[in-house]
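Trainee: Below you will find the structure I want to go over with you.
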Amino acid sequence: MSRKQLALFEPTLVVQALKEAVKKLNPQAQWRNPVMFIVWIGSLLTTCISIAMASGAMPGNALFSAAISGWLWVTVLFANFAEALAEGRSKAQANSLKGVKKTAFARKLREPKYGAAADKVPADQLRKGDIVLVEAGDIIPCDGEVIEGGASVDESAITGESAPVIRESGGDFASVTGGTRILSDWLVIECSVNPGETFLDRMIAMVEGAQRRKTPNEIALTILLIALTIVFLLATATLWPFSAWGGNAVSVTVLVALLVCLIPTTIGGLLSAIGVAGMSRMLGANVIATSGRAVEAAGDVDVLLLDKTGTITLGNRQASEFIPAQGVDEKTLADAAQLASLADETPEGRSIVILAKQRFNLRERDVQSLHATFVPFTAQSRMSGINIDNRMIRKGSVDAIRRHVEANGGHFPADVDQKVDQVARQGATPLVVVEGSRVLGVIALKDIVKGGIKERFAQLRKMDIKTVMITGDNRLTAAAIAAEAGVDDFLAEATPEAKLALIRQYQAESRLVAMTGDGTNDAPALAQADVAVAMNSGTQAAKEAGNMVALDSNPTKLIEVVHIGKQMLMTRGSLTTFSIANDVAKYFAIIPAAFAATYPQLNALNIMRLHSPDSAILSAVIFNALIIVFLIPLALKGVSYKPLTASAMLRRNLWIYGLGGLLVPFIGIKVIDLLLTVCGLV
């Protein structure tokens with residue numbers, strides 16, 4: 001789900017942005033943007049010259065100089081407005097998040113258990129390690145981990161999803177977020193952060209972007225723009241002595257106008273807005289990025305590691321068949337499989353219990369009355385089970401059970417290997433059940449590949465992005481699902497260590513890797529990946545290791561994140577191309593007008609046949625200001641994005657924004673010149 005999008009020019013935001021644009025006229029704010037700082041200095045200088053001319057202290061056309069000065073100030077204001085509007089949209093999103101924060105009291109427990117004595121304290125005084133009790137109707141006062149209990153939680157204020165989620169102690173669903181509301185039951189929570197450090201606080205700070213740091217590409221582009229500005233500044237400075245030597249010195253006002261039209265003011269004025277808008281579009285997709293660097297890295301990603309369950313498949317694997325080993329009847333296998341799954345609360349575990357009940361009327365046993373020891377699943381052991389009445393029953397992956405059988409002096413039957421291969425080739429996941437060292441048979445778990453996912457992977461392939469499916473299934477099952485889904489590669493029987501090693505392998509080949517994760521065991525790989533999208537429903541460790549958080553915990557958001565990142569880079573590149581290309585038309589407008597009196601041969605460059613030198617210069621300056629406003633929607637929304645290879649994308653952008661950048665100014669400056677002439681303003 002995506003959040004409700006603000007209108008591009010929301011009236012209240014526009015009014016606020018106009019006020020902020022005026023406030024940003026102070027030198028301290030302008031200094032942060034070197035290109036626009038030069039325009040600001042030029043505006044100040046021409047204003048002083050206009051006043052001097054009007055008072056008679058300097059010779060010259062005061063009205064013309066004032067017009068140039070006015071439009072230079074408008075140029076600065078438009079650039080400020082673009083940045084302020086982008087920031088205003090982000091702050092509006094942040095304000096919606098601030099509404100989630102409520103001044104509340106918390107019940108701080110004196111002992112870490114339900115029923116212990118509690119003290120009522122303000123929620124903002126809770127510290128890391130404090131234990132609190134929340135019950136139905138309460139707002140969770142802090143980020144933390146559930147240490148006891150289970151409850152239905154409404155997280156819509158943060159995720160935008162209306163469906164409640166279950167939070168309970170143990171496993172990967174123990175993490176809770178401050179500001180969410182308990183709908184039923186109760187939870188005992190251990191606070192994991194101090195005041196001001198909650199996930200909501202960090203979300204608000206990131207969205208507001210008050211301290212937004214420039215990304216590496218943004219810094220590199222800024223350096224390029226500064227270099228171009230210095231070159232044009234030096235070139236303009238040398239033109240005055242040339243014109244003076246020719247006997248007709250060009251005025252300082254004209255030189256300032258020439259400089260402003262030569263330097264890349266269009267991209268200089270929109271650069272900050274593009275960066276802020278990229279972060280804002282991420283939030284619109286229900287993804288919080290910790291920095292602009294993360295969004296930018298998403299645009300450069302060329303390897304996607306995608307979890308099979310929930311991303312490629314629907315993620316609701318269900319037990320579909322019991323396949324007994326030779327000499328074992330199906331009911332015996334079903335009984336053992338059900339016993340091994342009684343404490344397994346995963347959808348797969350519950351489906352095994354239900355299938356045994358449906359096939360053989362095997363009722364669920366009372367867990368407490370069994371006096372059994374349950375063995376939980378771990379990423380290392382890759383199996384789970386039960387120890388009961390001297391019986392040791394396990395279910396798990398083929399390799400894990402094979403090692404278990406051999407460690408207990410048994411032999412893995414060849415007929416079970418054949419059954420495992422048969423299940424795997426059908427795209428189902430085989431789970432093997434063993435009692436002691438005797439293999440009882442195979443459980444087939446069937447999942448379904450999501451509709452349309454193959455076409456999405458084909459689009460990613462067009463963009464030269466490699467897709468890798470990560471799964472705990474064996475190689476045969478993984479290969480069958482990978483072929484059906486259309487991924488480029490897969491990692492079967494994946495462990496946390498294997499995922500980490502795979503990421504490092506791709507990074508050693510100078511590739512940028514993106515992945516998703518939600519569990520504590522995903523944290524090392526998330527920390528290593530260049531773009532790491534943690535699920536909001538995941539553990540605190542996973543969210544801290546990632547550089548993005550999918551608020552609605554949808555793992556397919558990784559593909560959307562890459563699209564948004566690429567769109568931001570394309571927008572920046574396209575507008576840079578347009579900005580530099582449209583300078584060419586300004587050369588043909590201003591240079592003949594400024595120097596034709598000194599060097600009549602330059603009249604040959606007046607291919608637009610502009611009315612007069614004054615109208616030519618003023619038209620170019622006006623166009624230079626107005627083009628910033630016309631490009632603000634493009635900077636905020638991003639350029640139209642299509643899945644293409646890098647070379648095809650470059651050709652497309654050169655045609656649209658390079659050629660467009662050449663033609664639009666010729667038309668625009670000529671139209672403005674005609675209007676000025678018709679209205680008798682020059």
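Every residue gets a Cβ built from N, Cα and C, even glycine.
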Trainee: Quick one: which of K331, K395 does Swiss-Prot put in the ATP site with D344, E348, F377, T378, A379, Q380, S381, R382, M383, S384?
Mentor: K395
Trainee: Comparing the recorded positions D307, D518, D522, which residue's C-beta has the most other C-beta atoms within 10 angstroms in this structure?
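Mentor: Buried the deepest by this measure is D522.
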Trainee: Which one of these binding-site residues has the most other Cβ atoms within 10 Å of its own Cβ: A379, M383?
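Mentor: Max Cβ neighbours within 10 Å, all protein chains included: M383.
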Trainee: Among all protein chains shown, how many Cβ atoms are found within 10 Å of the Cβ of F377 (ATP binding site), not counting that one?
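Mentor: By my count, 18.
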Trainee: Near the transmembrane segment (656-676), which same-chain residues lie under 8 Å Cβ to Cβ, leaving out any that are not at least 6 residues past its ends?
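Mentor: For the transmembrane segment (656-676), the nonlocal Cβ contacts are 574-575, 577-582, 584-586, 588-589, 608, 610-611, 615-616, 618-620, 622-623, 626-627, 682.
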Trainee: Looking only at C-alpha atoms, tell me how far M383 (ATP binding site) is from D522 (Mg(2+) binding site), rounded to the nearest Å.
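Mentor: Counting only the Cα atoms, the answer is 18 Å.
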Trainee: Nearest to D522 (Mg(2+) binding site) in three-dimensional space, by Cα, is which of the binding-site residues A379, S381, K395?
Mentor: A379
